[in-house]
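To start, the structure under review is shown below, and the notes come after it.
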Amino acid sequence: MGRMRGEALAQEVLRLKRERNAVILAHSYQLPEVQEVADFVGDSLGLAREAQRTRAEVIVFCGVHFMAETAAILNPEKTVLLPDLEAGCSLADSIRPEDVLAWKAKHPDGIVVAYVNTKAEVKALADVCVTSANAVEVVSRLPQDRPIYFVPDMFLGAHVARVTGRRLDLFPGECHVHAGIREEHLKALLEAHPGAEFLIHPECGCGSGCLYLKPDAKMLSTEGMVRYAKGAEAREFVVATEVGILHRLKKEAPEKAFFPVKPDAVCEYMKRITLEKVYLSLKEMRHVVRVPEEVAGRARRALEAMVAVG
């Protein structure tokens, strides 16, 4: 995309947005040029809340499919557009409704906690949904005497179990990007930047190993990372998550330096959303995300419980 072309396209997107009474919501892993035209950039929890709060008639969701589904479930009266319907999620794809039903059959009094990175059909079977920003708080409030099934991210689940001291049954799912971030990637960076603070996303595969290397690591959601980096005294940060967050970190804390643990930790699904696709989506009102009401109605309860916490 040439410079003029990029700027002209961005102007067209903003013009169409006004014309359609639309709001553009973007996840922190989106391409920088997509983040720049968004009305709000944030994590799953912030985006879900913003979708609930908006007065716009149209929500253009620059993220992956389950996020647009979440916005559609929370706003049945609004039009939700996903600029590329192929923007999926390996973690959300890892679990099926049958997996949850099988566990429920064995644990009729059990509680199913679904990470927001799941399809609507799985959320519909959950008692509560969580994001990485509020999973610890939600789980710590659950009744002590009932079994809990945490799906689908086993690394986030292990982190929640570690912090809350609760015994959780974990589904063996993972995000392929975060699971690929390992201790060996971290070691060299920490040696090169001995004074740097270490920010790690709880989906990372190296959770316990990385904490062993750097016991004072901060395990945070993407929003938590931005908030922490802005307020911390440290000038250098080593960051373990998808690299799209670096644009936002540098923008919101320009005087600080950020080093990705794995510079090629890129979610190809997130990067499917381009400025051109945002433009076409708004221009033609294409790629509307709809969730059948019999699924949405059940999933809505679990999502509303999530949005209320943290």
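From the backbone N, Cα and C atoms, a Cβ is placed for every residue, glycine too.
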Among T54, T222 - the residue Swiss-Prot places in the same iminosuccinate site as H27, S44, Y115, V116, N117, S132, H201, P202, E203: T222
Set of same-chain residues at least 6 away whose C-beta sits under 8 angstroms from H201 (iminosuccinate binding site): S132, H178, M219, L220, S221, T222, M225, A240, T241, E242
Of H27, C89, Y115, N117, C175 (the binding-site residues), the residue whose Cβ has the fewest other Cβ atoms within 10 Å: C89
By Cα-Cα distance, the member of binding-site residues H27, N117, E203 nearest C175 ([4Fe-4S] cluster binding site): E203
Surrounding CB atoms that lie within 10 Å of the CB of C267 ([4Fe-4S] cluster binding site), all protein chains: 22
